[in-house]
Amino acid sequence: MATHSSFTATTPLFLIVLLSLSSVSVLGASHHHATAPAPSVDCSTLILNMADCLSFVSSGGTVAKPEGTCCSGLKTVLKADSQCLCEAFKSSASLGVTLNITKASTLPAACKLHAPSIATCGLSVAPSTAPGLAPGVAAAGPETAGFLAPNPSSGNDGSSLIPTSFTTVLSAVLFVLFFSSA
């Protein structure tokens, strides 16, 4: 239980950072070359539906199956735009979250949902990672990776600076709301 409570205690802060950086990465997507097509919806709000998945996909997590509203949140994300799952994985390193790639890639199967392969996300994953493993099947060891966000192009015109300021203010408001209700 101590592991679950430590994830619960960090969830509000994680969500705020995730919202901030996801908004910036989605708004700045036109400046980057990506393998996966750009999502057609605002992923930052959709990803919040997957907050309970953090304990399952985080490196060092001991949760054997998705908890709480993880699967229903994942279903919501996949129904709206499956590319938002890629956005969540891509932004994980910039949020300070190290993913267990093996478990993250089995999340849809663990929730009995169909999702595009993690390979379609255009992520730099070690070749030894086994995204096709069935839930409950472990590789030689837990594989982890922090995905690096792409470097901004040299032609960045700074157009994402205004949305970043708005996102920062929105994040601060959410931060206060989360901690004042706790």
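For all residues, glycine too, the Cβ spot is worked out from N, Cα and C.
Partner cysteine of Cys111, as given in Swiss-Prot, is Cys71 (from among Cys70, Cys71, Cys84, disulfide bond). Asn100 (N-linked glycosylation site) sits 12 Å from Cys53 (disulfide bond), counting Cα to Cα. For Cys71 (disulfide bond), the nearest of the disulfide-bonded residues Cys43, Cys53, Cys84, Cys86, Cys121 in terms of C-alpha separation is Cys53. Note on the disulfide-bonded residues Cys43, Cys53, Cys86: the fewest other CB atoms within 10 A surround the CB of Cys86.
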